[in-house]
Ligand SMILES: Nc1nc2c(ncn2[C@@H]2O[C@H](COP(=O)(O)OP(=O)(O)OP(=O)(O)O)[C@@H](O)[C@H]2O)c(=O)[nH]1
C-alpha cells in the first residue's frame with residue numbers, strides 16, 4: 001500500500017488521469033511521450049477494454065497514473081452501451097480528463113459524440129489537439145476555436161505526440177491537477193510496474209484475439225508476480241479474472257488446452273517485446289461484481 005512507498009521530501013501529488021479519444025488519435029503515442037517510456041506498446045485492439053491503468057508518468061513531485069477507457073464509440077449492442085457507461089464512470093472519477101483528438105479533420109461526428117458524453121456526465125476535461133506537425137497554424141487555430149465553441153474545455157493544448165512538441169507543457173499542467181497526497185508507486189519501481197502492466201496487456205490481447213466471440217468484455221489480467229531469474233530469464237505469474245464460472249471454463253478449455261495455448265502465445269509476445277526468455281504462469285479466478293471505481297483501480301495498480 002502507499003504507506004510502504006518511500007516518499008520524497010516535501011509535498012507530493014498523486015492521482016489519476018484518464019485519456020479518452022477516438023481510435024488512432026494517438027493515445028499510445030502520447031502515453032509513451034508523457035512517460036518517457038522506451039518500451040512502447042501500441043495497442044491495436046480498440047473498443048475492447050475497461051478503464052485500465054496504462055502507465056505512470058512522473059513530473060516533479062507528482063505521480064500521474066494514466067488510465068484509459070475503451071475507445072468511445074457508438075454502441076451497437078446493449079452490452080456495449082453498458083461498457084461505455086461503465087468506462088465513463090471511470091473517466092468521471094479521474095483527477096484529470098484529457099480528450100485527445102487528431103486535429104486534422106477538426107470537429108468530426110466522432111468528436112461530437114465524445115463531447116456529448118462529456119456534457120452528459122458533466123466531466124471537466126482538457127482538450128489536446130494532436131498531430132500538429134501535420135497541420136498549418138491557420139488550420140490549428142480554426143480547429144481549436146471550433147472545439148472550444150462546442151464545449152467549455154478547461155484548457156487547450158496543441159501537441160505532436162510523435163515529436164514531443166507541446167507535451168511537456170501538458171505534463172506540467174496535469175501534474176498540477178493531481179491532488180496532494182502520497183505517491184502510489186516508489187519512483188525506482190515505476191519502470192518495473194510499467195513492464196508488469198505491459199505483460200498483463202499482452203495476455204489480455206491474446207485472450208481477446210482468441211476468445212472475443214465467447215468472452216467479449218469479461219476478463220481482466222493482472223500480473224501478480226515478477227521474479228528475475230539468475231540466468232536472465234523472468235518468471236511471470238498472472239491471474240486472469242473473469243466474472244462467472246462458465247467463463248472460467250471457457251478460458252481453461254477442455255483439459256486446460258485453451259489456457260495452455262493462451263499462455264504460449266502471450267509468452268511468445270512477451271519474449272519478443274522484452275527481448276528475453278519468459279516463463280509464464282497463468283491462473284484463472286472468478287471475481288464477481290467487478291467494479292470500475294477508483295479504489296479498484298488503485299488496488300489494481302498496487303496489486304501488480
Ligand atoms: N504525424 C503524427 N503522427 C502521430 C502523432 N501521434 C500519433 N501519430 C500516429 O498516429 C497513429 C495512431 O497512433 P496511436 O498512438 O497508435 O493511436 P491510439 O489512439 O493509441 O490508437 P488506438 O490504440 O487504436 O486507439 C500512429 O501511426 C502514430 O504514429 C503525431 O503527433 N504526429
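Any Cβ shown, glycine's included, is placed from N, Cα and C.
Bear in mind that TrEMBL entries carry predicted annotations, made automatically and left uncurated.
Keep in mind that what you see is a predicted model, and the values were worked out from it rather than measured.
Quick look at what TrEMBL annotates:
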{"type": "BINDING", "residues": "21-28, 68-72, 130-133", "note": "GTP binding site"}
{"type": "DOMAIN", "residues": "13-180", "note": "domain 'Era-type G'"}
{"type": "DOMAIN", "residues": "211-288", "note": "domain 'KH type-2'"}
{"type": "REGION", "residues": "21-28", "note": "region 'G1'"}
{"type": "REGION", "residues": "47-51", "note": "region 'G2'"}
{"type": "REGION", "residues": "68-71", "note": "region 'G3'"}
{"type": "REGION", "residues": "130-133", "note": "region 'G4'"}
Which binding-site residues of 24, 27, 132 contact ligand 1 in the sense of C-beta under 6 Å? 24, 27
How about long-range neighbours of the region 'G4' (130-133): same chain, 6 or more residues beyond its ends, C-beta under 8 Å? 25-26, 29-30, 100-104, 140, 158-163, 165-166
Confidence summary (mean pLDDT) of the region 'G3' (68-71): 55
Count the other Cβ atoms sitting within 10 Å of the Cβ of residue 132 (GTP binding site), across every protein chain shown. 22
Number of other Cβ atoms within 10 Å of the Cβ of residue 24 (GTP binding site) across all protein chains: 14
Per DSSP, how many helix, strand and coil residues does the region 'G1' (21-28) have? 2 helix, 1 strand, 5 coil
Tell me the residue counts in helix, strand and coil for the domain 'KH type-2' (211-288), as DSSP assigns them. 30 helix, 27 strand, 21 coil
With every protein chain in view, how many other Cβ atoms are within 10 Å of the Cβ of residue 27 (GTP binding site)? 25
